[in-house]
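Asker: Structure below; questions to follow.
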Amino acid sequence: MEKTAVIGAGIMGRGIALVYALHGWSVALHDTSGEALEQAKTLIGTDLTLLADEGLISAAECQATLDNITPTASLKEAVGDAGFITEAVPEQLALKWQIFSRIEAHAPATAIIASNTSTLPLSELSRQLAQPERMLITHFFNPAHLVPLVEIVRAENTPEETLTTLLNLLRRAGKTPVVLKKEVPGFIANRLQAAILREALHLVESGVASEQDIDLAVTAGPGFRWSVIGPLETADFGGLDTWQSVMKNLAPELDCTPTTPAVLKEMNRRGELGVKTGQGFYAYPDRQTIADKIRFRNLAFIRLLKQHRQE
Ligand SMILES: NC(=O)c1ccc[n+]([C@@H]2O[C@H](COP(=O)([O-])OP(=O)(O)OC[C@H]3O[C@@H](n4cnc5c(N)ncnc54)[C@H](O)[C@@H]3O)[C@@H](O)[C@H]2O)c1
């Protein structure tokens, strides 16, 4: 299988296209927006240049990757001869269903279909397919070309061969796949991220510390450790007797409100959506500031990635 297609050329789709193109696949990148396709090529070029500047790829690989990506406004053309198709359109079930039925109509009957959904259950996504067993979830993390993890959700009737093909494909693309044993909303990583964000928002609302200090308490503390050992191994090193006492004292104190945190709703109401509107918990006053911050962040991720690949 050497041809793949990615449907949706936004934040995630363009990163996923880069991943497969970099590792030798020919990638048809489809979007209904001509502007998104144009922008995707430019931003993929910027990401590749940084990888080359940091010595992760050669100038020749940079050019070959760009050459491997064919942007197209036609979904039919994109999936017509693809053995593997990744959907990365906005998180709306009806829209995704519409895309899947068009993929089924135009793609080879043997093609594996993957969704990059963050939250929608596989059983719902695949419900209208004639061959639901050929759909899986491959959940990448932004920026998809740098974060190694891809969470995989399979159905009970996913053939072992399909899963094996997918795992081989992701490993060949330099990714670290994790397969869930059963379907659960938010998979693994988003549940953990959401639990931490809920508590961080609770600390902001309670005036316990500044936004900067709350972030620093994670990046210089647990986050520093978690890039090497996860929370369960961290607990083993701390001692499970100690953690039992910590949980006994702290569990009743932690926020467990079963609704969207009020501070998040209020910021959304004010149009403070973060980077995309120039204001979130921090200010992003202009495009240059944002570009500089993304470059700084990606350089740090590249350092981590180099370390991850040596392990
Ligand atoms: N952004 C993240 O951090 C992130 C992380 C993991 C998973 N996801 C998931 O990935 C998916 C895509 O998210 P994103 O952040 O890339 O969104 P995005 O809005 O950046 O990109 C979506 C793209 O899909 C295109 N599109 C819309 N309708 C289309 C159609 N009918 N046919 C083809 N293209 C169409 C849009 O033009 C846009 O370019 C969502 O399911 C999201 O939940 C996002």
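Yeah, the Cβs are placed from backbone N, Cα and C, and that goes for glycine too.
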Asker: Besides Gly8, Ala9, Gly10, Ile11, Met12, Gly13, Glu91, Lys96, Ser118, Asn142, Lys276, which of Asp31, Asp47, Asp67, Asp255 does TrEMBL list for that NAD(+) site?
Answerer: Asp31
Asker: Give the distance between the Cα atoms of Met12 (NAD(+) binding site) and His139 (site 'Important for catalytic activity'), rounded to the nearest whole Å.
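Answerer: So the Cα of His139 (site 'Important for catalytic activity') lies 10 Å away from that of Met12 (NAD(+) binding site).
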Asker: Check the binding-site residues Gly8, Gly10, Lys96 for any whose Cβ is under 6 angstroms from an atom of ligand 1, and report them in sequence order.
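Answerer: Result: Gly8, Gly10.
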Asker: Which one is it: of the binding-site residues Gly8, Gly10, Met12, Asp31, Lys96, which Cβ has the fewest other Cβ atoms within 10 Å in this structure?
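Answerer: Each of the binding-site residues Gly8, Gly10, Met12, Asp31, Lys96 was scored by Cβ atoms within 10 Å; lowest is Gly10.
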Asker: Name the residue among the recorded positions His139, Asn142 whose Cβ has the smallest number of other Cβ atoms within 10 Å.
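Answerer: Among the recorded positions His139, Asn142, the sparsest Cβ neighbourhood within 10 Å belongs to Asn142.
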Asker: Considering all pairs of residues in Gly8, Ala9, Gly10, Ile11, Met12, Gly13, Asp31, Glu91, Lys96, Ser118, Asn142, Lys276, annotated in the record as contacting NAD(+), what is the maximal C-alpha distance expressed in whole angstrom?
Answerer: 23
